[in-house]
Amino acid sequence: MPSMASSSRCNLLLYHAYETDFPSTVASAPIISKADDRAMDAADSKVHMAPVGVSIRNGPVDQDKMDIDSPVNGQAKRKSRASIDQSINYKDESSDDEAPLAKRSKTQHKQPDSDSDDEPIAKKNGARLPPSAKNTDMDVDSDDDEPLGKIAAKKASIEKAAVKEAKNIRADTKAKKPVVKKAVKDESSDDEPLAKPTKRQANGTAAKKANGVKKEESDSDVPIAKRAKKAPAAKPAAKAAAKGKAATAKKPVKEESKDITDEDDEEEEYKWWEESAKKEDDSIKWNTLEHNGVIFPEDYQRLPKDVKLLYDGTPVELDIEAEEAASFFGFMLNSTVNVENPTFQKNFFRDFKEILDRTGGAKDKNGKKVDIKEFEKLDFSQLWAYKDAQTKAKNARSSAEKKAEKAEREKRDAPYLYCKWDGRKEKVGNPRVEIPGLFRGRGDHPKTGCIKKRVLPEQITINIGKEAKVPDPPAGHKWKAVQHDNKATWLAMWQENINGHYKYVMLAANSTVKGKADFKKFEKARELKKHIDRIRADYTKDLKSEVMADRQRATAMYLIDKFALRAGNEKDTENEAETVGCCSLKYEHVTLREPNTVIFDFLGKDSIRFYNEFTVDRQVFKNLKMFKKPPKEDGDDIFDRLTTTQLNKHLSSYMPGLTAKVFRTYNASYTMSKLLQELKVTNATVAEKVKLYNDCNRQVAILCNHKRTVGAGHEQQMKKLVEQIKGLRYQKWRTKMMMLDLDPKLKKKKGAAFFELDEDLTEEWVKSYQEFLVEDQKSKINKKFEKDNEKRMAEGEKPLPASELKERLKAASELEAKFKKENKTKKVEAEGKGPSVEKLEAALVKLDQRIKNLELQSADREGNKEVALGTSKINYIDPRLTVVFSAKFNVPIEKFFSKTLREKFKWAIESVGTDSTWEF
């Protein structure tokens with residue numbers, strides 16, 4: 001047993017070792033003494049421990065404000081932009097992570113609002129808490145008093161199965177002859193810092209300093225000018241052409257831009273997922289690349305002479321650039337959430353003044369200069385009235401005019417929508433350059449209202465093959481640069497003026513390169529299955545480490561693994577909304593409630609407020625108490641001895657390319673896999689099977705804590721479904737009454753109750769629904785009449801006279817009269833050709849099925865109101881699991897994937913096919 005002296009010497013050595021890596025301003029001690037560790041146990045509460053590892057309340061908090069909630073931690077949250085239509089529709093619906101820790105942004109210290117420094121922020125703001133997990137549907141019986149216990153037990157059983165499976169996989173691998181595999185290169189990760197790009201070459205030549213070369217993947221935001229040059233490498237002796245790819249021999253430069261859409265429309269489909277694994281450098285993304293550049297927005301058209309910006313009541317003349325800037329604000333007066341925002345106004349006025357000063361200012365009709373000094377004196381009403389009139393006139397055009405314009409636009413854009421990638425035709429994601437306007441941002445962005453300047457060709461870098469024809473820039477302009485970087489997957493890039501971010505023209509989501517990236521992402525998550533038990537065992541052990549950095553890292557890994565927190569990168573809080581993740585949590589973002597509840601309240605990804613209450617292991621709770629102990633206060637980092645870079649470097653020691661973000665994909669896919677394996681094939685309807693799948697998806701979201709705020713339009717959508725169901729039940733009653741009209745004896749045979757109207761279908765409701773049906777029929781008749789006339793005019797025939805429309809509308813008048821008679825007599829005459837009781841009974845069966853489907857849809861939507869099923873299905877759950885469910889339960893894949901998603905995940909659909917035995 002080592003002596004006390006040797007132990008002290010060891011601690012001293014550790015102290016010096018860790019202090020050299022961190023600045024002296026770090027608040028936490030490098031070594032945790034046993035006395036400090038025991039002190040965290042002193043405040044143990046006698047309150048019963050809640051089940052560990054679940055969310056007991058998720059948010060964000062609802063503060064009953066339509067547009068911008070009250071500031072939270074100095075920031076605000078924008079609610080859904082969807083407007084809520086109060087009318088009812090009865091129709092059926094078919095970074096700076098490498099910076100020293102001492103330089104991390106620190107928010108201004110705030111005085112506590114109460115005696116408790118651990119009071120939840122939501123309570124300080126007087127907000128109503130979001131729904132409790134006890135109200136979250138996870139197939140828990142309604143009379144169960146312990147739904148959290150069931151969720152925790154389910155989660156624990158899945159984690160236990162993962163440990164067993166990982167050991168079995170490694171044992172099987174060890175028993176087999178080892179095969180040396182090339183390490184999978186890590187793709188772009190939103191959890192990794194972008195501060196240190198890797199040096200590399202392009203097509204065997206040194207990259208230029210300002211050519212847009214980016215780190216590994218193509219969507220890096222690293223400033224190009226900061227990248228270092230690399231000496232040219234020797235060219236390989238020979239190049240072997242890959243199977244199915246175009247040869248790389250030199251071709252003569254073509255004089256004219258090619259319309260790639262006209263070439264090889266029936267070329268053989270490239271099924272990359274069927275190729276055998278190749279030992280090739282996957283950093284080389286392409287050998288040949290051809291495209292036609294980008295689509296620029298249309299030039300600004302000056303306002304009519306009678307439409308002016310007013311300053312203090314005086315119409316002013318502006319330079320074209322200043323007039324365009326004024327129109328940005330004037331054309332969006334209907335967006336009050338923006339134009340009434342003081343920050344939005346201040347930023348716009350500052351940029352507008354800069355343009356005025358640069359372009360000669362404003363003048364009155366006599367040419368006298370008008371000094372614009374105050375935003376409040378600006379009047380944009382004429383600009384808005386002009387814009388509103390233009391919009392209404394545009395919407396009032398006939399369908400033929402709209403189709404003609406659409407066809408013209410599609411013809412103009414067609415050459416830019418596809419590129420030639422290694423000889424294959426690939427769809428471009430979005431070839432359009434951003435239009436100028438006013439920046440809005442998300443959350444309480446400090447730059448909201450700033451003017452987004454028009455992007456010129458001189459700001460755009462083109463990436464294209466060496467032998468390809470370089471697209472011609474607009475007349476009188478030139479490109480910033482042209483490069484031939486076959487390690488980048490973008491076609492064009494530029495730097496926007498608001499935040500200095502780089503924007504890229506990339507391939508579409510269904511392209512080969514994007515498909516391969518998705519495949520690698522999910523394969524990496526599958527690879528994690530082999531190591532998850534060791535990782536969890538190690539971080540569980542390190543939760544009690546005496547080294548502060550190790551304990552902080554273990555605690556962060558616990559939160560990321562158990563609760564799907566993002567790792568987080570630091571932000572420039574002067575210019576960006578202060579969004580954070582696990583590693584960048586501040587003191588005020590975490591509230592502790594004995595004995596084991598942790599409350600998180602901060603702005604997460606995309607400035608969406610994250611509010612959640614988690615139950616954690618007691619040791620994790622103790623650690624967070626320690627990480628918050630004095631002298632820490634508001635603005636200080638919880639994990640002051642940990643960065644995202646350090647965390648990901650540690651994770652890569654277990655598995656090449658492993659980063660924090662892989663855990664979200666792994667946990668969601670593995671959980672979904674286990675839930676689907678438990679399902680048994682039944683004779684349920686397709687709608688019931690779809691709901692079964694969505695139930696599993698919802699459980700994944702609950703178990704993996706992938707939740708969302710209830711949408712602003714959810715309540716209205718539910719009302720709409722309820723009204724549709726009531727409408728079908730009314731039709732069902734009318735059908736029964738028609739049966740009675742044909743055979744009055746049925747009343748005695750089936751009983752009077754069979755023919756009674758449901759109690760909730762009141763007389764007032766019935767009249768309202770009948771009015772809707774009449775108006776709906778009128779609307780359909782009018783639309784059909786317009787369509788018939790458009791067709792006749794297109795064929796050179798005369799349009800139908802107004803008398804024809806009047807004649808057609810008689811059907812709606814007859815329906816209205818019929819309803820009035822039914823309400824008076826309480827009888828319904830049989831309708832249709834050759835009506836019979838048998839036909840009407842068959843109609844009742846169909847109505848019952850439609851009602852059942854809508855009720856399933858309603859229950860599904862209500863259960864999913866706090867769950868982003870689309871997000872988890874697209875980003876986190878391996879799409880092959882959905883294909884397996886589709887095959888196993890004989891449900892069309894169209895029920896789960898839209899056309900766009902079927903194209904995106906074609907590799908998954910075709911690689912699995914009808915094999916219902918595939919496992920994650």
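Think of each number as a place in line: the chain as shown, counted from 1.
Heads up, the Cβ atoms here are built off N, Cα and C, so glycines get one too.
As annotated in TrEMBL, coiled coil covers the listed stretch 386-413 rather than the other ranges in 106-133, 386-413.
Note on TrEMBL: of 746-801, 802-857, the range annotated with the feature coiled coil is 802-857. In the compositional bias 'Basic and acidic residues' (164-175), helix, strand and coil residues by DSSP number 12 helix, 0 strand, 0 coil. This prediction places the mean pLDDT of the domain 'DNA topoisomerase I eukaryotic-type' (438-890) at 88.
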